[in-house]
Amino acid sequence: MYRLAAFDMDGTLLMRDHRIGGATLNALHQLVDNGMILTFATGRHYLDMKGILSHSGINGYLITGNGTRVCDMDGMHLDGMDLPAELVEFVLRTPWQTNASIHIFRDDGWFTDYNDPALLAAHKTSSFQFQLTALDALPKTGNHKICFIAPHQELAELKIQLEQHMGDQADFCFSAVDCLEMLPRGCNKGAALERLSHHLDLTLADCMAFGDAMNDKEMLSRVGRGLVMGNALPQLKQELPQLQVIGRCEEQGVAHYLQHWLSSPHLTYSPEF
């Protein structure tokens, strides 16, 4: 019996309109009633997630910023990692061959010099907003991650540039087709979930996890049961062919799977039924 369930948010637990559906909320409450520990593992900011969970009437442990912050159910900081100050300074002062917008996550919010109100659509539930600022004026310490937003091909080319200049000093992953993230070396959802599991006297074998993007890869591959969304990035499905594919986020595929698992765990699951 698994004791902890970890959920990615965008493309997994959230529907396309960025809400948690009713069937999904019911399934989450059933997990809690069955003694399961809920964990929400996301690239979103802690402040964003607290707003979403408060609005939805659900609570759980939080792995935010793609593993850069781990908090308990009361918001107490359990673990965290920041980018080295010299890397942040290097990224901000280097004239990269790209038109990608740059976004920086810190404990006190989301900072960018790119004013695009369309980016706020995904944060209506929480009312979380970016803060317009000159990025070179931000402190170089205390930065969790740097995000680059642009069409995928442009980001793929930028990723090559970044890796050539920084080598193994940082990690890079696509949290969506149009979002490339720069994270502290060794920082990912899987590593953060392992640290949280240890804090809870569990192992990753005691956990199940759900995800759809490359920032979920380490988490899905290391837990006792990893579930890949039907709408997952093709690269994720290709790199984790051994994992079961369930329904799509817009169909509340997580809820569909959990209802089956809670009622008939001994039967083979199919997302079509």
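Cβ from N, Cα, C; glycine included.
Among the features that Swiss-Prot reports, active site, nucleophile is placed at ASP8, with the record citing sequence analysis. Under the heading Mg(2+) binding site, Swiss-Prot lists ASP8, ASP10, ASP212, citing sequence analysis as support.
Feature map: Swiss-Prot annotations on the structure.
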{"residue": "ASP8", "record": "active site, nucleophile", "CB count, 10 Å": "30"}
{"residue": "ASP10", "record": "Mg(2+) binding site", "CB count, 10 Å": "19"}
{"residue": "ASP212", "record": "Mg(2+) binding site", "CB count, 10 Å": "27"}
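Separating the Cα atoms of ASP8 (active site, nucleophile) and ASP212 (Mg(2+) binding site) is a whole-number distance of 8 Å. Reduced to three states, the DSSP call for ASP10 (Mg(2+) binding site) is helix. Other residues of the chain with a Cβ within 8 Å of the Cβ centroid of ASP8, ASP10, ASP212, the Mg(2+) site, are MET9, GLY11, THR12, LEU13, LEU14, THR42, GLY211, ALA213, ASP216, MET229, CYS249.
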